[in-house]
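Have a look at the structure below before the remarks.
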C-alpha cells in the first residue's frame with residue numbers, strides 16, 4: 001500500500017483537488033482487494049523489478065482501478081507520467097491520491113478539449129522538454145497519435161505501445177497499413193481476459209448503472225435499441241435486458257446479427273430495409289418513434305445520425321458506450337437544437353422547446369459508464385490491467401529502440417500477447433474467486449495435443 005506524502009515539495013501534477021487524496025487512498029486500498037490478478041503479478045515480480053528503467057507515458061481513464069495499475073507498474077520498477085484518455089472519466093479522488101503518492105498526473109473530471117490535449121502534453125514533457133520516455137500505455141490512441149505527429153524524435157527511444165481498447169487498435173492497424181507506425185504495439189484489447197471481461201461483462205455491469213444514476217428512470221418495460229452487437233454490444237444488451245427492458249439490436253455484421261438472434265433479440269435496422277440513403281425519408285420512423293433508449297456501442301462514426309435523432313421518440317434517452325463521441329451526431333445537436341444542463345453530464349436537448357419535444361443526452365455522447373457513473377468494477381478491470389502489466393513487461397524486455405536501424409522494420413507489429421500469458425491472467429482471476437482449476441493428466445494432454453501447463457487452445461479459438 002502506497003503512503004500519502006506531503007506534496008509541498010512536489011508540483012509535477014495538476015488535479016482538481018489534492019485534498020481528496022485521503023479518500024482516494026481508502027478506495028484504492030479496497031480496490032486492491034478486488035484485483036487478485038494484478039496484485040498477484042505485483043507480488044510475483046516485485047523482487048525481480050522487470051520494469052526497472054522503464055519510463056512509461058500513460059493515457060488511460062484516471063480511475064481508482066487505474067491507480068492500482070499505476071502503483072503496480074511503479075512497484076515493478078517503472079517511472080510513469082499519466083493523463084486520462086477521456087474528458088469526463090477521471091475520478092478526482094483517484095487522481096489526487098496518485099499525485100499525493102508522488103506520481104506525475106494531469107487529469108480532472110470535466111476537462112475541456114484544450115485542457116485534455118494540454119494534460120497529455122504535460123505527460124510527454126517535463127520541465128518544458130520532452131521526457132526521456134521509453135514506453136507508452138494508451139487507451140484510444142490519442143497519445144500515440146500526438147507522439148507520432150508532434151514528438152516524432154521521441155519514438156527513437158520508445159520500445160513499444162500497449163493499447164487498451166478497440167478504437168485504439170483500429171488506429172494502430174491503420175497506421176501499420178499506411179507505414180506510419182514507428183514502434184511495435186501489443187493489442188491488449190483482444191486478449192480474452194480483456195475483451196470478454198472488460199468489453200462484455202464490464203458493460204453488463206456498468207451501462208444500466210450509469211443510465212439509472214443519470215436519469216433515475218425505471219427501465220423495466222421500456223424499449224431499447226442497441227446499435228452494435230460486438231462484445232460491448234453483447235454486454236450492453238444483457239445489461240438492459242436484466243433491467244427488464246425490451247431490447248432490439250442493430251448490426252452490420254451478419255455473424256454478430258446471427259448471435260443476437262440466437263441470444264433471443266430481435267435484429268432490426270434504424271433504416272428502411274437496412275439501407276442508409278442519407279436522407280430523412282430513409283429512416284425507420286416506426287422503430288425510432290417507439291424507442292425509449294438508444295445506446296451506441298460500435299466504435300464507428302455517425303451510427304446515430306441526425307435523421308435518427310430527429311425521428312426518435314420525444315423524451316428518449318440517448319447515450320454512447322463506445323470510446324469516442326462521434327458515434328452520435330452531437331455536432332448536429334449543438335448546431336441546431338437548444339441544450340439545457342440538468343446536472344453534470346446530463347442534458348435536455350430541445351428539438352422544439354415550445355412543444356417540450358426533447359431528448360435526454362448523457363455524457364455529451366462520450367463514454368456513459370465513466371461520465372455518469374464510475375465505470376467497470378475493480379474485479380472486471382483486474383483482467384484488463386493485468387494484461388497491461390504483462391504487455392509492458394513483454395515490450396520492455398524486447399528493447400525495440402535498441403535494435404540496429406536495419407532490423408527495426410521487420411520487428412514492427414501489432415499483436416496480442418501469447419495465449420499462455422492470457423491463461424496466466426485468467427488463472428489468477430479464478431483463484432481470486434476461490435475457484436479450483438482441474439489439471440490435465442499427461443495422457444489427457446497428449447490425447448488433445450497440448451502441454452499440461454498450456455496453452456490449451458489454438459490462437460484462432462473463439463471463446
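The backbone N, Cα and C atoms fix where each Cβ goes, glycine too.
These features come from Swiss-Prot:
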type    : residues                                      : note
BINDING : 63, 139, 164, 194, 198                        : substrate binding site
BINDING : 165-167, 199, 228-233, 251, 300, 321-323, 369 : NAD(+) binding site
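Annotated features taken from Swiss-Prot, shown on the structure.
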residue: 63; record: substrate binding site; Cβ neighbours (10 Å): 25
residue: 139; record: substrate binding site; Cβ neighbours (10 Å): 27
residue: 164; record: substrate binding site; Cβ neighbours (10 Å): 27
residue: 165; record: NAD(+) binding site; Cβ neighbours (10 Å): 27
residue: 167; record: NAD(+) binding site; Cβ neighbours (10 Å): 21
residue: 230; record: NAD(+) binding site; Cβ neighbours (10 Å): 20
residue: 232; record: NAD(+) binding site; Cβ neighbours (10 Å): 28
residue: 251; record: NAD(+) binding site; Cβ neighbours (10 Å): 24
residue: 321; record: NAD(+) binding site; Cβ neighbours (10 Å): 31
residue: 323; record: NAD(+) binding site; Cβ neighbours (10 Å): 24
Query raised in the report: Other residues with Cβ within 8 Å of the Cβ centroid of 63, 139, 164, 194, 198 at the substrate site?
Result: 60, 61, 165, 188, 189, 381, 384, 385, 388
Requested in this report: Within 10 Å of the Cβ of residue 194 (substrate binding site), how many other Cβ atoms can you find? Include all protein chains, please.
Outcome: 29
Query raised in the report: Using Cα coordinates, what distance in whole Å links residue 167 (NAD(+) binding site) and residue 198 (substrate binding site)?
Result: 14
Query - Distance from residue 165 (NAD(+) binding site) back to residue 139 (substrate binding site), taken between C-alpha atoms, in Å - result: 6
Query raised in the report: Could you give the maximum C-alpha to C-alpha distance in Å for the residues 63, 139, 164, 194, 198 that bind substrate per the record?
Result: 17
Query - Inter-residue C-alpha distance, residue 63 (substrate binding site) and residue 323 (NAD(+) binding site) (nearest angstrom) - result: 16
Requested in this report: Let me know how many other Cβ atoms fall within 10 Å of the Cβ of residue 198 (substrate binding site).
Outcome: 27
Query - Spatially closest candidate among 228, 232, 251, 321, 323, the listed binding-site residues, to residue 164 (substrate binding site) (Cα to Cα) - result: 323
Requested in this report: Using a 10 Å cut-off, grab the number of neighbouring Cβ atoms around the Cβ of residue 228 (NAD(+) binding site), all chains included.
Outcome: 27
**Report entry** 10 Å Cα neighbourhood of residue 194 (substrate binding site): matching binding-site residues from 165, 228, 321
**Finding:** 165
Report summary line: As a whole number of Å, the Cα atom of residue 321 (NAD(+) binding site) is distant from the Cα atom of residue 198 (substrate binding site) by 12
